[in-house]
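Peer 1: A single structure is presented below for examination.
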Amino acid sequence: METEFVNANHLPHFLRRALPALGPGLLIAIGYVDPGKWAATVEGGARFGFDLVLPMLIFNFVAILCQYLSARIGVVTGKDLAQICSDEYDKWTCMFLGVQAALSVIALDLTMILGIAHGLNLLFGMDLSTCVFLAAVDAVLFPVFATLLERCKASFLSTCIAGFLLLLYFFGVLISQPEIPLPMNGMPIKLSEDSAFALMSLLGASIMPHNFFLHSSMVLQHQGPPNISKGALCLNHFFAILCIFSGIYLVNYVLMNSAANVFYSTGLVLLTFPDAMSLMEPVFRSPVALCVFSLILFFANHITALTWNLGGQVVLQGFLRLDIPNWLQRATIRIIAVVPALYCVWTSGVEGIYQLLIFTQVMVALLLPSSVIPLFRIASSRQVMAAYKISAFLEFLALISFMGMLGIKIIFVVEMVFGDSDWAGNLRWSTSGGSSTSYTVLLITACSSFCLMLWLAATPLKSATHLDAQVWNWDVQNTVSEPSMQIEEEIFSETRYTEEESIGGQEQLSGPGKSAESYSDVTVANADPDLPVTIMESDQEHHLTTIKENHSEITFSSPGTFYEEETSPIIESVSLSAAMNVVPGSELLGAKKIDIESMDSVEKTVDIDGDFHAEKEDDEGDSWEPEESSKGVPGSTSSLTSDGPGSFRSLSGKSDEGGNGAGSLSRLAGLGRAARRQLASVLDEFWGQLYDFHGQTTQEAKTKKLDALGVDLKPSLLKVDTAGKEFSGYFSSVGGRASDSQIHSSLGDSPNHLRVPSNIDSSYGGQRGPSSLWSNHMQLMDAYAQGPSRSIADSSERRYSSVHTLPSSDGRCIQPATVHGYQIASIINQIAKERGSSSLNGQMDSPAPISPSLGPRNYRDPLTVAMGQKLQNGPSSSQPPGFQNLAVSRNSTLQSERHYHDVYSSGSADDAGKSANTKKYHSLPDIAGLAGPYRDLYMSEKNAQWDKSVGFGSSVSRTGYEQSYYSNTRSGAGAGGPLSFNRLPKGHGDAFSFHMTPDPGSLWSRQPFEQFGVADKSRVVGSGLGNRSNSINREVISPVDPEAQLLQSFRRCIVKLLKLEGSDWLFRQNDGADEDLIDRVAARERYLYEAETREMNCVANMGESPYLYSDRKSGSVLRNDDAAITNIMVSSVPNCGEGCVWRVDLIISFGVWCIHRILDLSLMESRPELWGKYTYVLNRLQGIIELAFSKPRSPMSPCFCLQIPASHQHRSSPPVSNGMLPPASKPGRGKCTTAATLLDLIKDVEIAISCRKGRSGTAAGDVAFPKGKENLASVLKRYKRRLSSKGIASK
């Protein structure tokens, strides 16, 4: 029956929080208004005085512990204890547990019947047998009573009635005593074999087995407010249980104290139930009091029955597999309970009823040891309770409680069979007299319960024996109790029109015939449903609304402000693939993950892709659904594909088939066997640079000075001295490019920042995303050029890293500082709008030079040549005539547009420039300059005032020194000799083009941008301006080279890990700050790889047909040259100044991440071969322990180097607070991983590994498994020893 509270909005705040915890506690406590429990308490006080007061207190504390654990299980797991037991144990075990719970309920109902019968006897003076019949017949009234309560909000009304009855009960017992005597000599414990029977009866009266299952079920029906965390709700339940059971103990103490004073001190013998009730004689003297007493018992009986009706049905269905109506359940229990009551009345009379009341409590106590094992095991199971697993202290208390129950039971059984105490003699005497029922029942109950206890003790939970099959992850705020839905989206198209709106605009996603769907099984938390979201795009400014999902959250955010001058309907095709698979909750591997990703803001295609990992079980093993993504480029008929590794299928649009693919049965934790082997090899290769197999620094690392992890290295310092306010020139050529890359943040670095308009030609060169990963120091950010060619609005602009001020109107059509290949579509669309498709095609075939002075008239189309260029890392295979050893660095980005003004002079120099120009494009590592002609041609037509300045120059204000620049280059260019820019000229030494010779004095022999984030210390970037007072002088302190090499090696290692099949699992764990930082670094590298792949494929697709065969061949090589992309990407290390995470501390965090991941894999690994590989890696990583855990470390905050567009955030990635700043860490994940955390994980790994066994009689089972376990156990012991000594320091 579904229950509910009254409207919570009308209740005070205290009641709204207290009722969900008080309700289940009160409904459970009403079962203690039971004559059987009174009889046990009074019997203990009458026979042993105050000796049993302290044991009764201990029993009460054990009851509080058991009920709290039961409630905690219900709150945390969202399932009741019976359901979990049915999942964790086999059918027969569950059946025996169900029988025990049913016996406990029948015993409670039996005592209730006897109590009601006694009340009717006292009230009306009828025969006791008749009263038992009448008490049994009241079960007929139960359906009416239950129906009435169902109509009147059963939970709330039942709770109120239970609370009222408990108050009456407590008040009646307390006022019946003229005074409450307290023993002044303490509460002595004098236990003996004679008190074993009384102890067992008190234990059964304090703890009832069926309440464990009932309480966890009632908790689910009394859900609290959604804004209360599980931890707070568990605490509320604890205090509610503590208060209620404290009141119960107070009543029992009063009864025992009174019995001790009345019977024990006077030597009277208590034989009948009326004698026990004589303790409350002051109350029973009034007929009204007797009537109230009978009504209390009557309603308590029905409330108990209703409680069982609400929660006990789960016990019958989960354990006994019985699905019967509620009224039939009630009638069955009542009939079974009436039979022994009538038998006792007919054979033994009033004395027999009293003995039967105590007998039922003893029988319940015999069931306790076997009943608490599932409760304690589940509450302490990490697989079931996850983070809410009980503490070690509570586990110890649970163990002591169990041992105490078992000890009392053993003493009782031994005394009952072999002892000579009075109660044992009476039982055996009744047997010899022919009445063997009670003795036989107790003996059978004890033996069967003991056997079940042994079976449960030897049978682990299923989740503990299948660590690699099931891990239950419940969210902190929401409980997942229904079957999980695995969603793979179906394809539909949506049409979206952009219009000019402010922040208050609303996002509208409309599809053909249907609106955007909302998934019913995804809980929207911490999101304002009224928050307006605007998705707008224009020709010049492209902003993409962030659509994020993180666990159970769906958050929509939009850019703060939009600036548009031209708006036109832009139809975007949004592909959403969806297919639904229902996976039962017992097979769920983890919480459902839905990734909603969007393409880059420059593209006009948004892909919303679902990324799901759900586990499916079959007869042979586990298989995983792969992640698929399909992304397209507008204007291209072919989809983006890549021939790279299959693990990047979500990046490049291709999913590999075969190997450890979707159909592989060798999947483990998201990684196939081959991927796990490659993971271990990659990590072993990386850490092998630093440490040997003993965790000691290698000699090679010392020689190369790579052992720098213990030194706090700082990035290089840059001092910027601005002596003048105006500049007639700026950094030119390569020097200018380098400075520009530091001043201008690339799209790859910050894709969604506001574009900055200016007339700086060099800033719009062909620099690509990864090449902008050099150090961007904050001091250089403010050294922003101001010249006559800049507008007033632009000159007042300041830059802070990748955050720019708003664009001015005159620079509206200028593209961002970094032009990626995948921006070509946006540029072409702009041209098409102004000129039409035919004009566009003509321009693409033969673009005319903008200015005759910028280059020869027969130069080759840069777009045509760039389409077929091949990415190179190192010397080019083909070199231009007259150039020797043409070495191109990825970081010294030589834009294609530079050839229009570098060395084109008259005469032989002009002729040499023609041939050299043609070959240059094939050896350039950068293709981004291909967009230059079209952009500037477009700008020249849109802005007439730029006719003389727009082109492929490299200065801020070319009008200031353009003439001297060209005269300088022309004068030094000879027909066959070395060009003048091979030397640093006095006037404009920085205005050199690219000429690479084997001359040791050549500028290009040093590869200046291979340094760590900044230029070589021998380079003075401002030297091209001479010694003028208004120049910028940079004092550069070269960083330690080993640090840069180490960080570059780290980047390569991350890229290799990302290429592993199923690598998403590695970077989707919710761990500490170190792991979170590495996950962010990986997300950044993943995004860069995605950008590179899209760019390469876009160029290859666009340039396939209209160009030369040699270009097509080069383009195909480029598309397949994945290794070249990787090497180019990691040829530098980003650095954004002070606070940047790219320092040696990042390597320490990576070491912690590696230890954590290897231990996670070892926890589920069952192959000795991979155990050995993990052992190698763990041996090397011993060197990290001292650095990571010897002293407390503060977590590094994410910097701008880790910024990625929110549209590319994966579901498990940390949420982005806004479009500019890096995402903040999640609450609770801001602490570094401690040694204690790893120690707990190591203990789990040891337990898991010890259970792995191979097939006996085989080489694997007899040799590989024992040897692998021995080696892995050895290194784990060393880790435990080292981490134990570092535990205090790391906390």
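Glycine is treated like the rest: Cβ placed from N, Cα and C.
Taken from Swiss-Prot, the feature transmembrane segment covers 18-38, 48-68, 96-116, 128-148, 155-175, 195-215, 231-251, 253-273, 288-308, 356-376, 393-413, 441-461 (among others), and the record attributes it to sequence analysis. Feature annotation from Swiss-Prot assigns N-linked glycosylation site to Asn227, Asn550, Asn891, Asn1027; the stated evidence is sequence analysis. Marked as region 'Disordered' by Swiss-Prot: 498-518, 614-662, 742-768, 787-808, 836-856, 1210-1229. Taken from Swiss-Prot, the feature compositional bias 'Acidic residues' applies to 617-627. Annotation source Swiss-Prot lists compositional bias 'Polar residues' at 635-653, 759-768. What Swiss-Prot lists as phosphoserine is Ser647, Ser664, Ser923. Summarising the annotation, Swiss-Prot assigns phosphothreonine to Thr818.
So where do these features actually land, and what's packed around them?
Peer 2: For the transmembrane segment (48-68), the list of distant contacts is 25, 28, 41, 183, 187-191, 195, 198-199, 202-203, 206-207, 211-212, 215, 234, 237-238, 241-242, 245-246, 248-249, 252-253, 256-257, 260, 264-265, 372, 375, 394, 397-398, 401, 404-405: same-chain residues at least six beyond its ends, Cβ to Cβ under 8 Å.
Tertiary neighbourhood of the transmembrane segment (96-116): same-chain residues 31, 34-37, 82, 85, 89, 131-132, 134-136, 138, 208-211, 213, 273, 294, 297-298, 300-301, 304-305, 308, 312, 315-316, 318-320, 333-334, 336-338, 340-341, 353, 356-357, 360-361, 363-364, 367, 370-371, 374, 445, 449, 452, selected by CB-CB distance under 8 Å and a gap of 6+ residues from either end.
Cβ neighbours of Asn227 (N-linked glycosylation site) (same chain, under 8 Å, six or more residues apart in sequence): none.
Among residues of the same chain six or more beyond the transmembrane segment (356-376), those with a C-beta under 8 A of the stretch's C-beta atoms are 35-37, 39-40, 43, 66, 69-70, 73, 81, 85, 88-89, 97, 100-101, 103-104, 107, 110-111, 114, 197, 200-205, 207-209, 212, 273, 340-341, 344, 348, 395, 398-399, 401-402, 405-406, 408-409, 412, 438, 441-442, 445-446, 449-450, 452-453, 456-457.
Proximity of distant same-chain residues to the transmembrane segment (441-461), defined by a Cβ-Cβ separation under 8 Å and at least 6 residues beyond the stretch ends, is recorded for 88-89, 93, 96-97, 100, 103, 359, 362-363, 366-367, 369-370, 373-374, 377-378, 381, 383-384, 406, 409, 412-413, 416-417, 427.
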Peer 1: Quick one: do the transmembrane segment (195-215) and the transmembrane segment (231-251) reach 3+ CB pairs under 8 Å, ignoring pairs fewer than 6 apart in sequence?
Peer 2: no
Peer 1: According to DSSP, does Asn227 (N-linked glycosylation site) fall in a helix, a strand, or coil?
Peer 2: coil
